[in-house]
There are 2 protein chains.
Amino acid sequence: MGRKPTKIRVVPLGGLKEIGKNMTVIEYRDEMIIVDCGLSFPEDEMLGIDIVIPDITYIEKNKDKIKAIVLTHGHEDHIGALPYVLKKINVPVYGTRLTLGLVEVKLKEHKLTDVHLQRVDAGTTIQLGPFEVEYIKSSHSIPDACAIAIHTSLGVILHTGDFKIDYTPIDEEMIDLQRIAELGKKGILLMLADSTNVERPGTTMSEKNVGITFENIFGGTKSRIIVATFASNVHRIQQIVNAAYKHNRKIVISGRSMVNVSSVAQELGALTVPEGLIIDVNDIDKYDDHEIVIITTGSQGEAMAGLSRMATSDHRKLDIRAGDTVVISATPIPGNEKTVSRVINQLFEKGADVIYESLAEVHVSGHACQEELKLMHRLANPKYFIPVHGEYRHLKQHAKLAENLGMPKENIFTIQNGNVVEITKDYAKLAGNVPSGHVLVDGLGVGDVGNIVLRDRKHLAEDGLMVVVVTLTKENGKIAAGPDIISRGFVYVRESEDLIVEAKQVVKSALDMCEQQNTREWSVLKSSIRDVLKDFLYTKTKRRPMILPVIMEV
Amino acid sequence: MGRKPTKIRVVPLGGLKEIGKNMTVIEYRDEMIIVDCGLSFPEDEMLGIDIVIPDITYIEKNKDKIKAIVLTHGHEDHIGALPYVLKKINVPVYGTRLTLGLVEVKLKEHKLTDVHLQRVDAGTTIQLGPFEVEYIKSSHSIPDACAIAIHTSLGVILHTGDFKIDYTPIDEEMIDLQRIAELGKKGILLMLADSTNVERPGTTMSEKNVGITFENIFGGTKSRIIVATFASNVHRIQQIVNAAYKHNRKIVISGRSMVNVSSVAQELGALTVPEGLIIDVNDIDKYDDHEIVIITTGSQGEAMAGLSRMATSDHRKLDIRAGDTVVISATPIPGNEKTVSRVINQLFEKGADVIYESLAEVHVSGHACQEELKLMHRLANPKYFIPVHGEYRHLKQHAKLAENLGMPKENIFTIQNGNVVEITKDYAKLAGNVPSGHVLVDGLGVGDVGNIVLRDRKHLAEDGLMVVVVTLTKENGKIAAGPDIISRGFVYVRESEDLIVEAKQVVKSALDMCEQQNTREWSVLKSSIRDVLKDFLYTKTKRRPMILPVIMEV
């Protein structure tokens, strides 16, 4: 083998120039660790796709070098691709208490049983080959979030994970700024830091602020209260629990992921609920309205989640009643604005009083705003910097922020997934690319839906389709049956009978023409049908349905 | 006929519980006027739909009673349905200078030439049967916007149209608060008022603020400047023109609607451009970068508009170059957040400096915030109130705002499209419904795409389709050819050959089974094929493509 290379290579496989599927490979002395393993949700044009995961060609090729996957926290965009990745490379997974709790649930759903999960606590360090991986307490919108300091003989790499700086966190465990400062004082070689909120000036408010709003709402009404929030936001749930307890309300937990996460969090001690406070949904009618709080999913307006189902009377056990107070304790993720608005409208129409972010402080972000990012940069004071977790606009602004703090431009790497940053003790530079991209998951299919399938779905979605079927005789290519036409998603067939009759005639003429010219090549017949029909339909309707000619022979 | 009814009936046909397609019928003494005639843009689930217009069954039935359509301003959501409505009912259309200028362009595109357009100026009144319609100067994000006071012998109806209160408007013509106050002092029977921004506290900033930002940007860079904004925001364009003139920059106007609107506005005197300031796009290279401003469409990230095309190098004449300063002088309309973000990312990647709303004050709204709405309510002081122009959440909040100002709850009508509010001198009440709803326009088709077609498009978009074709013999129903299978938008066929082969076998077995049972009914054969294939494919892929069985007979 010769001497092992004394370069660090940092290779992001996800999370750059996108929101989601965070995943970064760190290499040193021919060994690798992977930080996070997330999924992202499909873009609008990825029709029918369930989730998106990173392209892991590169780590599959290098699977013998991988020591472990280390997780910063338990959000889907950091752990969601694990079941898919672990099916390809079975390596140990490290994470904190709740992170692994959530991973376990996920692996169970995918029937993955032989994964080695290793719990790490904030403030401790694990040795993984040439990497000493130190977990550093952080703050985020999920408990047990950590930054990770990767100590190597070349220097320290600090990966902030997702973070905010909350001086009054719910669990009383502050982000360990002192340790970050200590590391910074000694010298950090490279920092990778969260860019999500870089466009927002000032600082993100403390989670405690939301608690105060809950106090006011819970104390100020005699009605039932329904709170929708992210299932993973356990600190938020803790504050709902606290307010409910204080105001003598029982809690009903609704929605599969809300039930799952809150029970895992309780088992692990990340959520503390007084005995008997949570009641079964079937017992709800034993209590008066002012004795009830329902905690549910659906804060993003997801059609299948608790809140939407209640709002549309599609929930088996719970319904929204006139006079209910509904709190949407979340902000719409970009792209969800309209679905959230629809649910708000439905709730108002049911006669509920709806409290949402534009009306009251019922949500705070989990990410650092500009002033917090500046603090992180000043404390860590890294030599090199890679902005991560963000679209290009965020990475770019984060780079600018670092520059404004005095970091030399050439020490900042505003890169994309697949880029390799090579670091030695003398320099850092871009050193080529590895395969990267997204893999679409649709049902059981992982990667079997690509651009052609999506293009067809888009075409079908826009203008529907027309199937033209004709049976020809083997002997002389004359029409034995048909042409028949079936359309879907194009026009109301009943109201467009004339159009279909005319279309058949157009097809027949085209086939007759081919016959006269003695053309019996199927591909030619099909493209004649497609061409004449396309022109005919566009002239008549200004639409371009997909045209599928089918020829059979008897 | 007997005595004519002495009731006013107010019938909104659009704009309530939705953003867009604003249209309200006002009836008195068996005569009608229509205020505005707008379109809306399709919701996400309206796949392939171009625009949405109101259901006008009610006014078609009553077309002999209609005296006129009176327009408040020239935005699409107030004039966009005119071509469709005027094809059904040819009535005179009244509006201000720029409003009619834009209507003319629109009617020309639709080849409608025999429409009677009648210009009205703010401060004047027209007599339309029993209605005296007074145009009152207003402020909005388009010039020549008016509120409308409809005087009847029963009292005055004030329709605010879209408005904000701008104390320093670009055209120096203040919204005529004095006239509204005067009418209010005498007594307004009913007010219909814009609810768009009711959730925002405070006041909307003056359009002039944006001008100050432009001044700073234009004076602070030597690079080319590209500003994207709404074509109809002529005051915004005026301010770009002013800043360009001051900083010795020539202007290139790009994008069909930007060219159209700015030339109409110039002809009509709503936009003043110094001689020679606007240059042809082909002459752009004759100037240095610091001498150029490009004004373009595409501020909503629309794929086909100027800015997107420049950002993706898809524009015939203009490209974004490293160092360009791009100003996105607009805010994303709900639902467009992601497309706008995508364009921002693309621009940054091209090396442009991009200035958008979260970074600088480059846009202000055209709608009144809470404090402005309160002022309007206090000045107009109407007896009855209908909140309009908004989703239900906005109408609801606007009703609450009016209540908080002391209006009796029973005098506020939070209603929906099609509801009839009947007003006499003694009372106002809900008095039934008329047909209302949306009509989908897809290409040349108006209303020929409905729920079934949309449901099919959605199904096709999610999982694609599989067409199964089989030819049977007439004599004995045996298979003469096939079954053949064609799929689109489902899986990559090349990578799924086995699946297709198996699927054919499954279909063949189903047909054999039918034959054994002597079943020759096509509907039964088809549903057998559909059922077995559905189960087979779901087991194999967890997807549910649309299955289209086609049977032919020879």
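The backbone N, Cα and C atoms fix where each Cβ goes, glycine too.
A quick note: this is a predicted structure, and the numbers were derived from the prediction, not measured.
Positions annotated as domain 'Metallo-beta-lactamase' by TrEMBL: A:20-214.
Look at TrEMBL and you will find A:Gly48, A:Asp50, A:Asp442 tagged as Ca(2+) binding site. Secondary structure at A:Asp442 (Ca(2+) binding site), taken from DSSP and collapsed to helix, strand or coil, is strand. For A:Asp442 (Ca(2+) binding site), applying a Cβ distance below 8 Å and a minimum sequence separation of six or more within one chain yields A:Gly48, A:Ile49, A:Asp50, A:Asp448, A:Val449.
Marked as Zn(2+) 1 binding site by TrEMBL: A:His73, A:His75, A:Asp77, A:His140, A:Asp162, A:His389. Neighbour count (other Cβ atoms within 10 Å of the Cβ, all protein chains): 23 for A:Asp77 (Zn(2+) 1 binding site).
The 10 Å shell around the Cβ of A:His78 (Zn(2+) 2 binding site) contains 30 further Cβ atoms across the protein chains shown. Residues or ranges marked as Zn(2+) 2 binding site in TrEMBL: A:His78.
As annotated by TrEMBL, active site, proton donor applies to A:Asp194. Its Cβ placed at the centre, A:Asp194 (active site, proton donor) has 30 other Cβ atoms within 10 Å.
In the three-state DSSP reading, A:Val364 (substrate binding site) counts as coil. The substrate binding site annotation in TrEMBL covers A:Ala231, A:Ser232, A:Asn233, A:His363, A:Val364, A:Ser365, A:Gly366, A:His367.
Neighbour list (A:His367 (substrate binding site), Cβ cut-off 8 Å, at least 6 residues apart, same chain): A:His140, A:Asp162, A:Phe163, A:Lys164, A:Asp194, A:Thr196, A:Asn197, A:Thr204. The active site, proton acceptor feature in TrEMBL is assigned to A:His367.
Note: A:Asp442, taken in sequence order from the binding-site residues A:Asp162, A:Ala231, A:His363, A:Asp442, have a C-beta within a distance under 8 Å of a chain B C-beta. Listed in sequence order, A:Gly95, A:Thr96, A:Thr99, A:Ser138, A:His140, A:Ile142, A:Asp144, A:Ala145, A:Cys146, A:Gly161, A:Asp162 are the same-chain residues at least 6 apart in sequence whose CB falls under 8 Å from the CB of A:His73 (Zn(2+) 1 binding site). A gap of 7 Å separates the Cα atoms of A:His75 (Zn(2+) 1 binding site) and A:Ser232 (substrate binding site). Taking Cβ-Cβ distances under 8 Å and a sequence gap of 6 or more within the same chain, the neighbours of A:Gly366 (substrate binding site) are A:His140, A:Ser141, A:Ile142, A:Asp162, A:Lys164, A:Thr204, A:Asn233.
Here the CA atom of A:Asp77 (Zn(2+) 1 binding site) lies 16 Å from the CA atom of A:Ser365 (substrate binding site). The two recorded residues A:Asp77 (Zn(2+) 1 binding site) and A:Val364 (substrate binding site) have their Cα atoms spaced 19 Å from each other. Within 10 Å of the Cβ of A:His75 (Zn(2+) 1 binding site) there are 26 other Cβ atoms, across all protein chains.
Within the set of binding-site residues (A:Ser232, A:Asn233, A:Ser365), the lowest number of other Cβ atoms found within 10 Å of a Cβ is recorded at A:Ser365. Nearest Cα neighbour of A:His78 (Zn(2+) 2 binding site) among the listed binding-site residues (A:Ala231, A:Ser232, A:His363, A:Val364, A:His389): A:His389. Each of the binding-site residues A:Asp50, A:Asp162 was scored by how many other Cβ atoms lie within 10 Å of its Cβ, and the smallest score goes to A:Asp50.
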